[in-house]
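Visitor: This structure is in structure tokens; I'll ask about it shortly.
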Amino acid sequence: MATPETVIPEKLSHKKYRAALRKEKRKKRRQNMARLRDLAAPPEEEEEEVSTEEQLKEKLLELERQKLHEEWLLREEKAQEEFRIKKKKEEAARKQREEQERRIKLEWEEQQKKQREEEEQKLQEKREREEAVQKMLDQAENDGTWQNPEPPRELRLERSRASCPFYSKTGACRFGNRCSRKHDFPTSSPTLLVKSMFTTFGMEQCRRDDYDSDASLEYSEEETYQQFLDFYHDVLPEFKNVGKVIQFKVSCNLEPHLRGNVYVQYQSEEECQAALSLFNGRWYAGRQLQCEFCPVTRWKIAICGLFEMQKCPKGKHCNFLHVFRNPNNEFREANRDIHLSPAWTGFSGKNSDKKERKDHHEEYYGKARTAHSSPHHSSKRNRESERKSTHRKKSHKQETRGHERHSSRRGREEDDSPGPQSQSHRS
């Protein structure tokens, strides 16, 4: 049987031509093998060839599976190693974090323990100080007069500083212990200061909010002054039981360091010391009194002069004393330090009494009328009052001068007149 010749197209590339040639050769080889197998080869040999080929394939597959298994084992071992390293790092980080938390907790507990110990120590020191003060007060009540002891001279390490003018004039400073100037605390003085003894509901409202200027607008001046009168008649007899009081002033300022302060000036320092030992630590109106010696002895420089004329630009927030006027102008001689002047006479006291009474009437009974008036009328009224006061002063000076001239002329006439009357007058 003749084999047909292979027909290969001519227009092919070299690569495609070679592939087609190989394909044709394989085809011829298979055909020849099939022919020979059909003709001469027994069936057993064919089975053996097939089995050998299958064994070879199985061996190749087994080798390939084994190789893949080894690669997988290597990857697994590497992954396990990485997992163990990661676990070790996480465990070390966890231990470090726990150690840090434990250390922070120990530090916090130690700090809390120290704070508790410091608070207990402060409370213990406070109790000891209170017990010591109470013991000294009891001892002072039993022994008589008592005053604060002076510190040892070797412990006085304060640098030389200028004295605070406000403390020396009013006995109080708005900076307190933070003041850059020196506060000369007197060891003995005729003036007693009781801090924040006089209180009203309006003052308490201002105490809650010092920056609210409208806190006490709903409380009128008449009500406040009436409360002061009740306080005056309630407290002054107690101070008078200790000794002779020559001045009694109550501050109506709204500043915290002057609010409700009571100033009591005695005739002698011994009486003031007795009052300090008697009133310091006592209770009045639900609060404990804090008494101390005050350096104020001259009230003309302590009291705000513009407040009496109702012209103080700072109002009740002034750092000088704005005081209530005492009823019946009691202690009027001490208002202008008249008791310190040796040339004071009853005539000047009488005139000052009239003037004080008139100012008292204008201040406390003319406020309701001036509060609702316009600024134009109020300024006009102030100018008229100033004009009247200057006219009154001039007329008073002219009267006194005329009285002096008349008395001197009369004395000269009596001296120059002859006769027994003049002789008897001279004798």
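In case you wondered, yes, glycine gets a Cβ from its N, Cα and C as well.
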Visitor: Looking at 1-56, 169-224, which one does TrEMBL call region 'Disordered'?
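Guide: TrEMBL lists region 'Disordered' for residues 1-56.
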Visitor: Which is it, of 270-297, 298-325, that TrEMBL names as zinc finger?
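Guide: Here TrEMBL associates zinc finger with the stretch 298-325.
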Visitor: What residues elsewhere in the chain lie close to the domain 'C3H1-type' (158-186), defined as a C-beta under 8 angstroms and at least 6 residues from its ends?
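Guide: Non-local partners: 193, 195, 255-258, 261, 263, 292-296, 301-302, 319-321.
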